[in-house]
Amino acid sequence: MKLELSKVVQGCRLGVLIGIGKTGQHSLELPGCLLYTRCATVPHLTQDTLHTLTYLPAGAQVALDGLAEHHEVLEEFKEGVRKFAGLHDTALFCSLHDPATNCPTGHVTNKTVSVWGSGGRIEMTAARFIAMQAVIQPDCYQSMADGETWQTNTSRKRVHKAVNRTLAHLDECLTLHHKTPQLKHTEVFGVVEGGDILEERVRSARETAKRPVAGFVLDGFQSAAMEQELRGQLITAVTAELPVEKPRMLQGVGRPDEVIACVEAGVDLFEGFFPFQVTERGCALCFDYNVTPDPEAAALSPPTVLELNGERPAVEDPKQNDVGNTGTMTQFEINLKDIRYREDFRPLVEGCGCYCCKNHHRAYVHHLLVTSELLAGVLLMLHNTAHYLGFFRALREAISHERLQDFKTTVTKVDFGGRKQLH
Amino acid sequence: GLSLGKKGAVLRDPRDSECPVSKARACVLKLPHGAVNTPVFMPVGTQGTLKGVTVAQLEELGCQICLGNTYHLGMRPGPELIEKANGLHGFMNWKRNLLTDSGGFQMVSLVELSEVTEEGVMFRSPYDGREILLTPEQSIAIQNSLGSDIIMQLDDVVSSTVTGPRVEEAMRRSIRWLDRCAAANKNPHRQNLFAIIQGGLNAELRKACLDEMTKRDVPGFAIGGLSGGEEKDDFWKMVTLSTDHLPRGKPRYLMGVGYAVDLVVCVALGCDMFDCVFPTRTARFGSALVPWGSLQLKQKQYAKDFQPIDPECQCATCKRHSRAYLHALFKSDTAAMHHITVHNICYQLTLMRSVRDSIIEQRFPEFVRSFMKRMFPSSEQYPSWAEDALASVNITLD
C-alpha cells in the first residue's frame, strides 16, 4: 500500500492510495470514503441493485460487530469474507465497530475489547482478534483499540489508560499478525486515541507513528461525541505528528460539512455510513455540491428555503434494521415522509443519475415510506449512496481546481468568501 | 389485446398448444403492455411494489404480468393521485402488464365486515374509522384510474367454508354485479374485465354461475371462492368443474393459488393464470422454494452450507450467494429477504416456463410425473387429492 500525494491545498491532501490488495490491484482516490456494509452487504442492496451505481469506491468496510459471531463459519469457509459474501472485487477494510450502531460501553478491560453481534456481546483478546482477522482476510484492518473515551466527563486518567491500552494492543496485534500466514497480504492501521485531551492525542499519535503500520485510524472523534471545532483542532494536532506518506482514516464522522472540515485538518479517508443513516430516517440527500459560476447551470437543485426551514425533525420510527441511532435530520436532506411530497412527481434530485432518480419520483418514494414498503430502503440507499459519492468526487475536484472556498459555501450554505456569492 | 366482444382470444396463435392427454393448455395472451405466455404465475405487488424487488429486477426475471391491489392502492395513495401519475404503470414505473383485483377479497378478509348489501360492501376504514361503501361501479372506477390491463369484477365473496343460503345469494349477486361492472368500465378496449365464477363448493351453484356468466361477453374468467381453507378434495373438483364449462378460447384465472403442486395440478385441470402472495411472503421469512420443497434458511443447519439454494437455478441469488451467507445475512440486513424474494419469483416463473414448454412439446404428462417424483421422497407421499385430480385428466403417477 502506498500513498501518492498529488497536491496539498489549505491542509487538504489530494492523492491516491495504491497497491491495496493481494495483488495490489486496488486503488482509492483520496479524500474518499469506504462503502459501508453490514455483514459485507451494502444495506438493502443485492449485488445487481448495488451495481446500478456507477462510481463505486474501490474500498468497502466491514466491522467485527457484524462478523464476530460468524467466526466458525468463516473458519470453515477458509476463503475470507469477501468471497463468502459474494461481494464484488473491492478492497476490504475491517474496523472494530459498526459506525452506525451505538454499542453499549463499559466492557473494555486491559486485555480485551467487546463487539456486539445479533446474539449479544462477544469478548476478544488480541489473540482472538487476530484469529478473526485471519478468517475475515481483509486487505486492511484497524488494530484492536480502547476507544471508550467519548462519553462526557471521561476522566483524564481513563483517557490516559485508553491510550496505553491501545498501544499495548497494537504491539501485541502486530506480533501476532506477522505469525499469521493468512494475513500475509493484509495491512494494519494503528489507532490514535486520546479523547478530548490534547496532550494525550499528541502522545498517542507520536507513539503509534513509531510502530510499523501502514496507516492510521483516528478514533474517539465520532460526530455524536465532539463538537466540530474541538475536533478540528485535535485532528490538526494529531495529523501534524503523523507521517505525511501514510493515510489517515477518521471514524464516525460523515456529515458533509464535518467531512470538509476534517479534510482540512488532514484526514484522507472516511467511513461511508452517513447515506445509510439518512436512508433509515426516510430521508434523501439533496444538498448541492456543484461548484459552477452560474447556479442556473448547476445540475443539482438545492433544497428551497421552504424545505430547509419547514422540515420537522426525523421521525423516530423503528425500522427494519436495528440501527440504534439514525440521528436527527440535517440540512443536507429532505424528509420524504412529509406530506408535501405526496404529489411531487420530480426525481429526488434533478439531474441525479442514480437508479431511483432515473426511474421514480418523490411521490412514489413518499408512498413507499408511508406504507412501510421495503422498496423505500432500496431506492433511498441507492440515491443517498450515489449522492454522497458524488459529493466526495466533487470535493476532490474542488481541491484539485483550488475552488475549496466556493465548494464549502455551496455545500454548507455559509459564506466562506470564495468567488461564489450566496443569494 | 383481449377486448370485450372478441370471442376466443386464446388458442388462435400458432404458438398455442393443447395437451392431448389432459386439459392443459399453453397460450399467448396479447395484452396492451405486451404478450403474456401461459400458463403464467403472477407475482403480487400489493401496494404498487413487489416487496424490495425493483421493477428492473422483475423485468430481468422475465415477469410479464404482476398484480396490484385495488383496496390497498385505493386507500393509499388513492386513485386520483395514481391517475395524475399516468396510472399504476406510471406510478410504479412498470412497463409490462398489470392485473388488479376488485378490492372485494380484502374487504372481507382484512377489515371489520360491516355489511354486504345489493348496493355494495360497506366496511370501516382501518385508517380513520370512516364507513366506506365499495360498489361495483366504484371498484371499476378505481381500477379505471389505475389503468391496469386486466381488471376484476367486484364479487360478493364468501369463504369456501360457508354453507347454506348465503352461498347462493352471493353467487347470484356476483352475476348482477358483473353486469354492473361491465356497464361501468370506461375503457373496455384497453382494460379487460374478467368475470369471477362463484358458487362455493356446491356443484349445482357453481354450474348455475358458469351458465349465467358465460353468457356475458367478457375477455376472460376467474375461478373464485376457492383456495381459502377448504379441503383439497373439494377444491380440485370445483376447479375441474369450472374449466369444463368455461369457453375454450378464453383464459382461465384461478385466484389465490401458488403452491407448486397446486399450480401443476391445476394446469392439468385447464387453468392458465395464477396469483398468490405465498412465494414472496414466505421469502421474507427465510423460506426458499426449490424443486424438492423448501429450505428454511434461518435454521442452524444452513449456517455452514456453502452451496447455493439450488445449484441448477439461474437467478442472481443462486449464481452469487450460498445458503450459509444468506443464513448469516438474515441476522444483519433486509437484503437477505430481497435475495430470497428474487429467487422465489425465479422459481415460480421457471416452473411455469417448464410447464409451458412441456405442453408445447407434447410431453406434459411426463413432466408432471418427474415433477412429482422430485417434489416427494416417495410415491407413498404423493397427496391423494393430487393423484385423484391428475387421474381425472388421464395422468397417472407411477
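Cβ coordinates are placed from backbone N, Cα and C, and glycine is handled just like the others.
With B:Asp101, B:Ser102, B:Gly103, B:Gly104, B:Phe105, B:Asp155, B:Gln198 listed by TrEMBL as binding substrate, the candidate from B:Gly78, B:Gly129, B:Gly220, B:Gly225 annotated for that site turns out to be B:Gly225. Record note: TrEMBL gives B:Cys313, B:Cys315, B:Cys318 as Zn(2+)-binding, and the candidate from B:His189, B:His245, B:His339, B:His343 in that site is B:His343. Segment annotation: TrEMBL labels region 'RNA binding' over residues B:280-284 (candidates B:5-9, B:280-284, B:305-309, B:350-354). Matching B:25-31, B:207-213, B:235-241, B:256-262 against TrEMBL, the residues noted as region 'RNA binding' span B:256-262.
Put simply, B:Cys313 (Zn(2+) binding site) is 37 Å from B:Gly104 (substrate binding site) when counted between their Cα atoms. Excluding B:Asp101, B:Ser102, B:Gly103, B:Gly104, B:Phe105, B:Asp155, B:Gln198, B:Gly225, which define the substrate site, the same chain contributes B:Met152, B:Gln153, B:Leu154, B:Asp156, B:Val157, B:Ile196, B:Gly224, B:Met255 within 8 Å (Cβ to the Cβ centroid), listed in sequence order. For the pair formed by B:Gly103 (substrate binding site) and B:Cys318 (Zn(2+) binding site), distance between Cα atoms is given as 36 Å, rounded to the nearest Å. The Cβ of B:Asp155 (substrate binding site) lies under 8 Å from the Cβ of B:Ser102, B:Gly104, B:Ala170, B:Ser174, B:Trp177, B:Leu178, B:Ile196, B:Gln198, B:Gly224, each on the same chain and at least six residues away in sequence. If you measure from the Cα atom of B:His343 (Zn(2+) binding site) to that of B:Asp275 (active site, nucleophile), you get 17 Å. The distance from the Cα of B:Asp275 (active site, nucleophile) to the Cα of B:Asp101 (active site, proton acceptor) comes to 11 Å. When the C-alpha distances from B:Cys313 (Zn(2+) binding site) to the recorded positions B:Asp101, B:Phe105, B:Gly225 are tabulated, the minimum falls on B:Asp101.
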